[in-house]
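Visitor: Just dropping this structure here.
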Amino acid sequence: MPSPALLCCCLVLLAGVGASRHQSTLSEDDCTHFPASLPHMLRELRAAFGRVKTFFQMKDKLDNILLTGSLLEDFKGYLGCQALSEMIQFYLEEVMPRAENHDPDIKDHVNSLGEKLKTLRLRLRRCHRFLPCENKSKAVEQVKSAFSKLQEKGVYKAMSEFDIFINYIETYMTMRMKI
């Protein structure tokens with residue numbers, strides 16, 4: 001007859017296998033339903049951006065465009081995955097932390113926008129079909145370089161064009177859903 005310790009170990013092992021199998025099913029289900037939930041996630045991003053859009057666009061006095069057509073072409077091309085991944089990282093790590101410090105009245109709204117973008121990134125990473133990439137995007141490098149050259153004004157420029165970024169996300173995701 002097996003010892004109680006051995007029985008306990010077997011039960012723990014079986015519970016772990018069952019839980020991981022259940023988790024795998026949940027993850028697959030999330031990915032199955034992800035295309036249907038994407039429009040809602042994009043609406044939430046747009047609504048969150050709407051709370052800070054006027055502030056940043058009023059502060060953006062520059063005539064140039066940071067998020068150019070070449071970035072959209074990267075989103076549409078074979079580098080779409082990498083461009084999207086890098087741009088999400090760029091906004092989360094470089095733009096939004098600096099944007100939060102510009103006015104206490106918008107800090108919570110920028111933070112909320114960042115949390116929604118993090119949620120989107122997490123969902124994209126879980127569903128490898130949408131973010132299976134490794135290569136670097138030259139267009140993203142150009143955006144980052146232009147952003148750096150603009151110094152403090154770069155935050156206003158990048159945040160004022162966040163709606164363009166949302167549109168690029170939508171273009172990329174729409175293309176990936178057709179695959």
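Note that Cβ sites are derived from N, Cα and C of the backbone, with glycine treated the same way.
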Visitor: Regarding the disulphide bond with Cys127, report which of Cys31, Cys81, Cys133 Swiss-Prot records as its partner.
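Guide: Recorded partner, per Swiss-Prot: Cys31.
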Visitor: Could you give the Cα-Cα distance between Cys127 (disulfide bond) and Cys133 (disulfide bond), in whole Å?
Guide: 12
Visitor: Given the disulfide-bonded residues Cys31, Cys81, which one is most crowded in terms of C-beta atoms within 10 angstroms?
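Guide: For the disulfide-bonded residues Cys31, Cys81, the Cβ with the most other Cβ atoms within 10 Å is Cys81.
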Visitor: In sequence order, what residues of the same chain, 6+ apart, have a Cβ less than 8 Å from the Cβ of Cys133 (disulfide bond)?
Guide: Leu79, Cys81, Gln82, Ser85
